[in-house]
Each structure stands twice: as C-alpha cells, then as structure tokens.
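Per TrEMBL, the features are as follows:
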TRANSMEM  B:32-50  transmembrane segment
TRANSMEM  B:62-81  transmembrane segment
TRANSMEM  B:88-108  transmembrane segment
TRANSMEM  B:114-134  transmembrane segment
TRANSMEM  B:141-164  transmembrane segment
TRANSMEM  B:184-206  transmembrane segment
TRANSMEM  B:237-257  transmembrane segment
TRANSMEM  B:269-286  transmembrane segment
TRANSMEM  B:293-311  transmembrane segment
TRANSMEM  B:317-336  transmembrane segment
Amino acid sequence: MSTAPIPVLELEHVGKSFGGTHALTDATIGVFAGEVHCLLGDNGAGKSTLIKVMSGIHQPTSGRVLIDGVETPLVSARFAQDRGIATVHQDVGMIPLMSVARNFFLGRELTRGRGPFRRIDMKRAREISLEHVRSMGIRRVHDADQMVGTLSGGERQALAIARAMYFGAKVLILDEPTSALGVKEASIVLKQIEVARSRGLGVVFITHNASHALAIGDRFTVLIQGRVAAAWTRGERSRNDVLDLMAGGEVVDDLFEKVTGEAAS
Amino acid sequence: MTDTPIAHVNTARRSSLAGAFVPTKIYRSPQFGALIAAVGVYVFFAVVAGPNGFLTPAATAGWVNATAELALIAIPVGVLMISGEFDLSVGSVVGASSITVALGSTVLGLPLPLVIIAALGVGALTGLVNGLIVNATRLPSFIVTLASNFILLGLALGLSRVLAGVSTVSVTFDEPWSTLFASTFFDLNVTVVWCLVVGLVAYWVLAHTRMGSWIYATGGNLDGAIKAGVPTNRVRLTLFIASGLGAALVGVLQAGLYHSGNAVQGQGFVFQAPIVAVIGGVLLVGGYGSVQGIVLGAITYGVVSIGLFYTGWTSDWLSAFIGGLLIIAVLANDAIRKSALKSGGRTRAPRARTKEGL
Ligand SMILES: Nc1ncnc2c1ncn2[C@@H]1O[C@H](COP(=O)(O)OP(=O)(O)OP(=O)(O)O)[C@@H](O)[C@H]1O
Ligand SMILES: [Mg+2]
C-alpha cells in the first residue's frame, strides 16, 4: 500500500461541543486518496459529528480543517461539496418516483438549447447515468427511465456513489451505508467502495460491522467518547484487538462470536 | 466496467412489452388511467346520449368549451399538486379577476388593457402571497389557500358593493381585446386557444426542463430535493403564482365571453380543479402526474357534465357521477403507481426485498 504524503482531507485537533456536550475532543484524522478510512466506535462516540464537520454541516469549535494540506474552513455543506467532498447519508436522498437518469442529474441537469427552448438533454442524461451506474457493477439496471423506487437499498447507494464520483468527488463520506442492508446488499455497497477507492477517491466509511471494516479498510480510527482512542493502518492489529477497540475497550470474546456469526448469516 | 451498456439498453427497452397488449411504459405512465376514463365516459355518453344529440357539433363544442375552461385552471393547479401543494384559492381568484375587469372598465372607466393587467395581477399577487406564507411557515397549503380563498372572496364582494353597490357588473370588450378574450368561432370559445397554449407550455416545462425535474423532486422527496440543491422554495413560489395567473385568466375570459364580472363566480373550481388533477393521474401527495393526464381529466369532467345534460336526466346526478369517478381514479392511480414501482426493466430474476418508496 502506498502512503500518500498529504491527506486530501484532514482534521487537526478538532473539537466540537453542543452546549455542554463535548461530542468531539482533539480529534485528528486524515483521509488519503485511494484509501478507505474506516471510522469505528460505539453509539454516541462522535462518528456522525466528525463526518458532519468533514462535510461542512457543522463548524468545529476548535482545530483546523485542511484540504490537500491547505487550511480551508468548510463554511457550509455547499462549500464542501464544491470542493469535492461528497456525503452519502443513509437515506441516500433519492426521489423514488423519478427515473434513474433524472435522479442522477437532479440539481445539476445537463441542458441544451437557449432561452425558453433550454431543455434537459435526456438522451445524454440516460447514457451517462446508465453507463456510470453499470460501471459500479449494478447490472440489473438496464433502463435509465426505470424509477429509483424499483431499485434495492444497495442499488440506491450505488447510484448515489456513482453520482458523487461523476460530479468530481475527491472524498466520499459514507455514514453507515451498510447498516440497513442484508448481507447480499451490503456486499454490493462494499464493492462500490472498492470501485471508488480504485479510482483514487479518499473514502470515509462509518460502520458498526467489524467484518465490513476489516474487509475493506486501509486505515482505521476508533472514537471513544469523542476522542481518537486508536488509529492504525491495515495489518497493524489483530482482528481481536479491533473487536475489543470497537466495543470501547471491553473484552468481547462472546461478542466476537456474535459478530462473526452475524457476518456469516 | 469495460463493456458499454448501451447495446443492452436498447434491447431491454424494446422487450418491455411484458407480454401484454399495452407496452409497460404506457400503462405505467401517470396518464394511462386518465386516458381510459376519458375514452370510457365519451363512449358511454355517445351510446346513451348520442341519439339525443351528444355527438352534434354544438354539443361537442359544449364539452370542449367546458373542458378548456376547467383545464386552464386545473393544469397549473395540478402541476402545483405534483410539487406537493394545493391551491384552493383559485375559486375566488376567478371571481375577483372578473369583477376587477368589470369594475375597472365600466365603473371606473379605465382602459381595458390596464384592467386586464390588473386582473391578472390580482391572480399573481394571490399566488405570491400564498407561496410566501407556505414557504415561510411550512403550514399545509390546503389550509393557507382555503383561508386566502375566503379572504379574497370577502374582499372582492366588499369592494364591489362599495364601488358599484352590486356584486355583478356588466362589461363590454372592444377590439383587439374582444378577439383575444371574448371571441367565438363555430361555437368554440377563444378559451380553447388559451388552453392549448397554456397546456403546451406546461407540458414543455414539466416534461423537458430543469424546472420540471425540480417540480417532481420537490413533491417526491422534499428533503432529498433540498440536499441535491433544488431551489424548492422558488419552485413552490413560481407554481403558486402560475396557479393564480391561470385562474385570473379564466376570470378575464369569463368577463369577456359573458359580458359581466361577478365577484362570487368561480367557487366551483375550488374542488373541481384538484378533482380533475386526480382523475388525470396526479398523486394527492405529490411527486407524480403529467399535463397530458390533467387535460384528459378535464376532458372526462367536461364530457360528463355536458353528456349528462344530453341524456335528459337531471343534472342532479352530476355530483354523484363525478364522485364515483374520483374514487375509481384514486384507486387506479394507486395501482398504477405501485406498478410503476415494480421493476421497470425486463427483470424476471427474483430480487432481494425491494423497498417501495423510501
Ligand atoms: N446537534 C447536536 N446537539 C447536541 N448534541 C449532539 C448533537 N449531535 C450529536 N450530539 C451528541 O454528540 C455525541 C456524539 O453523537 P454522534 O451522533 O456523533 O455519535 P455517533 O458515533 O454517530 O453514534 P451512532 O453510532 O449512534 O450513530 C452524542 O452524545 C450526541 O448526543
Ligand atoms: Mg451516527
């Protein structure tokens, strides 16, 4: 694994508090191009807060945000998006009764013609959306006019990821993309993450599932009560260590059984 | 990742006949039910009332005129419904617009073009106020526009009594305004031309422009639309104004065609417009529908109301007939939408659980 010297996106000593609650304290984390950074931690550990800082939804109370090594305060979600930071939330935000092509280009429609005759270029929208969705390995979609409501959860995630990549995302942030999915669907999404990584994106992947994290992660950061409790790169820690850390440092021999059992089911 | 999918696409499209008589694309389109309804009621009245003259040119012009007037209001109201909002203030806008024309021209002696612009302004302003209130408060537009319907009705009546002492004022249009707003050729009112123009523009916007995509998205998943950067407030505001303008135009046309303005006319449209939209395949919760469907819904309504007259039965039955159609339409829409959410392609392989909706 090649380690890029400068992260595409980095948080440095970032803190975030809501009134009296310290959701994040002195968190430092770097996202590198062509790598998957798994963000782990128990419920309420601060994972969502951290990625909301990364995507410009929350402004940090302390610390700095750097893009390609340059300090860049992310003043808004739109600002972060314009700098190539794409976030796919769990509900994905697709319009079920609208076609794949229209969803793909929603808000950024391709048009042709001028003035009152300016219209959506549906032909190109169909071709491009279909090509990109299918290049993510979603072979079941044959028709760009098919409604998104006909797609499965994993396929919708794939569509959202394909869209983010098409519109030039450098960093792809996924908040628990696999948590609501069955095993088969989750594997579709893991495949998308792999595609995104192979195309040089930096991916931030939040999950509670150790198997998913270990299957795909290049770097790992564990948050416990808003602090970075551990950070390592692939292969530096044993599976059991990882599971212990994910459970907040408790011994989890029985939990280990449960997790691996779950992954197999 | 390497092969291009385009070749597959075309074969898949062609094979989507689903083994039925009608291509899937058509029977899953929002206007399919409306087409069946329109053809169904036409055939019904052709058989039942044909011998009494329902098929004569005069009767045909009758239902075409009724359809055009209704569609002029129902098209913008229906498109607004696709974006997820209602406009019940159209009834009062029709009356307010027609009385504005009559009062301005006959009582105040103002030039016709000025009072016509003022009448359209009443509609645009009502839409603007509706839109601003709905955007700012996020209250249900059903209630907001129901309130504005009453407020405007009261204002129009009150003002008309103050200025003229009555609620109906006569008015005559001179050229070129009478050609534009009050003319009739072979029993067909100029309303039909306006309806065609408005229908084509609305179809263009909804089916082919970015605004159209934004309208569907705003009604289909507001949160998703906002996250995708769709200016949902602007979409709603624009459509409320369009809806007010459509109703105001009908008010001007009625003043011209019937030579009088009446502050209380038009209340029938309050529920006719959404009924027509629903018969036309517009989903009550928004996100689905088409202009073609709304026009077919208006045709259905027009045919039923004129057809009943030619049967010789009393028009008392109209409401019952329309109510029955409405129930059937709602059920049919639901079935069509569910079918549209089934796999759109040629898939036969069983899939892991497909979630419907979100
Ligand atoms: N907007 C907010 N206002 C106040 N407190 C908040 C807010 N957002 C998060 N918190 C608090 O910050 C802490 C971290 O929350 P966060 O959502 O980041 O956790 P998480 O790691 O994503 O948990 P989960 O795994 O359950 O999604 C929690 O104690 C939460 O209650
Ligand atoms: Mg969370």
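In case you wondered, yes, glycine gets a Cβ from its N, Cα and C as well.
In TrEMBL, annotation is done automatically, which means it is predicted and not curated.
Owing to the predicted nature of the structure, the values given are computational and were not obtained by experimental measurement.
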For the transmembrane segment (B:293-311), which partner among B:32-50, B:141-164, B:317-336 gives the most CB pairs under 8 Å?
B:32-50
Positions on the same chain near the transmembrane segment (B:141-164), where near means CB under 8 A and six or more residues out:
85-93, 95-96, 99-100, 103, 106-108, 126, 129-130, 133-134, 240, 263-264, 267, 270
Rank B:88-108, B:237-257, B:269-286 by Cβ pairs under 8 Å to the transmembrane segment (B:62-81) and hand me the top one.
B:269-286
When only pairs 6 or more apart in sequence are counted, do the transmembrane segment (B:32-50) and the transmembrane segment (B:317-336) reach 3 or more Cβ pairs under 8 Å?
yes
Would you confirm whether the transmembrane segment (B:88-108) and the transmembrane segment (B:237-257) meet the contact rule of 3 or more C-beta pairs below 8 angstroms, pairs 6 or more apart in sequence?
yes
Most Cβ pairs under 8 Å with the transmembrane segment (B:184-206), selected from B:114-134, B:237-257, B:317-336:
B:237-257
Grab the same-chain neighbours of the transmembrane segment (B:317-336) for me: Cβ-Cβ under 8 Å, and only residues 6 or more beyond its ends, written as numbers and ranges.
27-30, 32-34, 36-37, 41, 275, 278-279, 281-284, 297, 300-301, 304-305, 308
